[in-house]
């Protein structure tokens, strides 16, 4: 749910335009997150109008979390022991089944609890990001995110998110189909393990849990949304530095791939020294704003990212063991159900890790062109700033590292 910030300042240049672009991209899955009770609120800073149901948003998230916890307590006490006995697990399988079940529950509840407790912080993060993007746009016309020239970058993000939502919808249908099939098979079995009341509560709890869990991928989209914006900013900076380098070397290679980043077309003519100095200073300023944007994201979601990746690696391998077990036991429904639970974890860490790799590639691209800037004729202070940034990016590049334990990128998935 999105609401108006009472301290907004609608007179700030670019504020409303940039925020509307962000909401145009992210509003569908942000609203779904609120409906499912996962993410409480995003504060709207730049518009006179806000969405409704603010007073209902946080209680709804707390209610969903409470119902999930009550359902799992019920399952653990009444259903879990019977299920283990029915599968005739050995000691090793019993231990693994119990461990992976509770690891899944605890990690999932931990993330949802953090979303509720960080209610105000999540809203504040949105506001700070919007204002940082406003600062980024005010650096220079080529960095103006509200301009039509940068719309292709936003459209790429919008297309990727829509595609992920469509794939996620099919995943939701798959999970619910398997869950309903399992319930249907249980209804027509001769085994009377529970009373009709326990059966009814168990089926209700199963459906409720699967609805929420099958939408778990939305949390990965939420994390990826912030990363995509930062990657876009770094890409704009990298393209600008690349153009400066090419123009300094008098190489006219932009006729086919030039993207007009500002209202004035200046890239197809030779830059003089004053223009080069001005644009390099703008690039450095834009980079430091973007660096702060990424740092805020990393600091805010530090614990969530750590829980997501550590628990996901464990759960993926543990559930893969049970997929093989169910296949050998000739139980295709259970194998498909367990495989579906693996997919959401694998996709989530792959999605976030891929975006972190893209961020790393953009930083390396900036570093590559920083080393190729012709510093002749530049002021000493600017030369020193460029050298210092290049050294910093070489020694300590911008990256996401949860709890300083590991660096997020695609290499992590096979390390």
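Backbone N, Cα and C define each Cβ position, glycine as well.
Checking the ranges 61-83, 130-152, 245-267 against TrEMBL, the transmembrane segment annotation falls on 61-83.
Here TrEMBL gives transmembrane segment for one range in the set 17-40, 281-304, 305-328: that range is 305-328. Taking pairs at least six residues apart, the transmembrane segment (163-187) and the transmembrane segment (95-117) share fewer than three Cβ pairs below 8 Å and do not count as touching. Counting Cβ pairs under 8 Å to the transmembrane segment (61-83), the stretch among 95-117, 207-227, 305-328 with the most such contacts is 95-117.
Under 8 Å from some Cβ of the transmembrane segment (95-117) lie the Cβ atoms of residues 37-40, 58, 61-62, 64-65, 68-69, 72, 80, 84, 87, 89, 213, 216, 219, 303-304, 307-308, 311, 314-315, 318-319, 321-322, 341, all in the same chain and six or more residues away from its ends. Remote same-chain partners of the transmembrane segment (305-328), defined as residues 6 or more beyond its termini with a Cβ less than 8 Å from a stretch Cβ, comprise 93, 96-97, 99-100, 103-104, 106-107, 110-111, 219-220, 223, 298, 334-335, 338-339, 341-342, 345-346, 348-349, 352, 400, 402-403, 405-406, 408, 412.
Long-range Cβ contacts of the transmembrane segment (207-227) within its own chain (Cβ-Cβ under 8 Å, at least 6 residues beyond either end) map to 25-26, 29-30, 32-33, 36-39, 64, 67-68, 71-72, 108, 111, 125, 129, 161, 164-165, 168, 171-172, 175-176, 179-180, 183, 297, 301, 304-305, 308, 340-341, 344, 347-348, 351-352, 355-356, 359, 400.
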